[in-house]
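One structure is given below, encoded as structure tokens.
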């Protein structure tokens, strides 16, 4: 994979950087700026080299139309604060305003182009249409840096097709992500523990299949665990259940046994009368995993399982975690996710290599107040880190080879 140093001297050069600024917004307020901060090392390095830094990114799903609420204006403002420099936002991605703002740049300046997904061609399935659009963006720059790890699993105009038109390389964030995820999956120091959560088994099938013969231990929680418990013959009440995945999950349980992979499931769960909605009071109670009442829904792993999961994680040299253990946004159902996060922090402190997969696990870690440096690596890619863990070839990385 080509990296920044492969681009040579960038002084005075216009460098297009595809970043991942898909941040959560509350109106125009950014509620988690982790992805913006993750892009800073690449932006600062390019500025120090005297490059003109032209940033592009998407926000939300405007579906090819201009949606004012999904403008990157809040991102430009936050970036300016973090860099201590003015970051003008172009009104378009490659049109007159973008061209004018780029033409006015001095060495070391930073400009942000408007949301690439305001253009229907960005996500078009028609390769020719995407390529023609990418050429218009590429015309703004003289080199391309791919630094949006959150989109490398997609072949889209601004991260895949642009790379064909300009000298292209991975930015520091993409390089760091690939190094960390490769270190965990290609030659992990053992014991290697994979912790999976989140609501659906169907989202994690590929990861389980790819890691069942690599991991020493698979720890499972979150909504997806009830399909495992049901596959073991337990009743799961009104908990989330994917009936159509039961046979597959039974197969995984058998394969784990056959491969000598330790499969760790919760022994107790926290249940409630239903999914917590609005101001409805919750009445959490702890029950054994094999004794979930018919009218109750499991929403977190119980205290006994929290200790079990924590201890299994600490007894590891490599840990990859993807997906929360429960409905962590509701304090009564956050303890399981906290216990797992604490397990990773404690394992890291005694020398383990730990990765928090992107998406919900990364927001959980931040929202629950854990220090980012308590983990070896927090991935910025939800789907991208999952597909990497599935062993898939990612189009946005392939174009940088």
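Positions of Cβ are set from backbone N, Cα and C atoms, glycine also.
Per Swiss-Prot, the candidate among 117, 217, 366 that belongs to the substrate site alongside 20, 21, 22, 35, 58, 59, 60, 61, 154 is 117. Most buried of the binding-site residues 20, 329, 360, judged by other Cβ atoms within 10 Å, is 20. Its Cβ taken as reference, residue 60 (substrate binding site) is surrounded by 14 other Cβ atoms within 10 Å in the chains shown. There are 25 other CB atoms within 10 A of the CB of residue 117 (substrate binding site), with all protein chains counted. Each of the binding-site residues 58, 204 was scored by other CB atoms within 10 A of its CB, and the lowest score goes to 204. Separation of the C-alpha atoms of residue 361 (ATP binding site) and residue 22 (substrate binding site): 16 Å, rounded to the nearest whole number.
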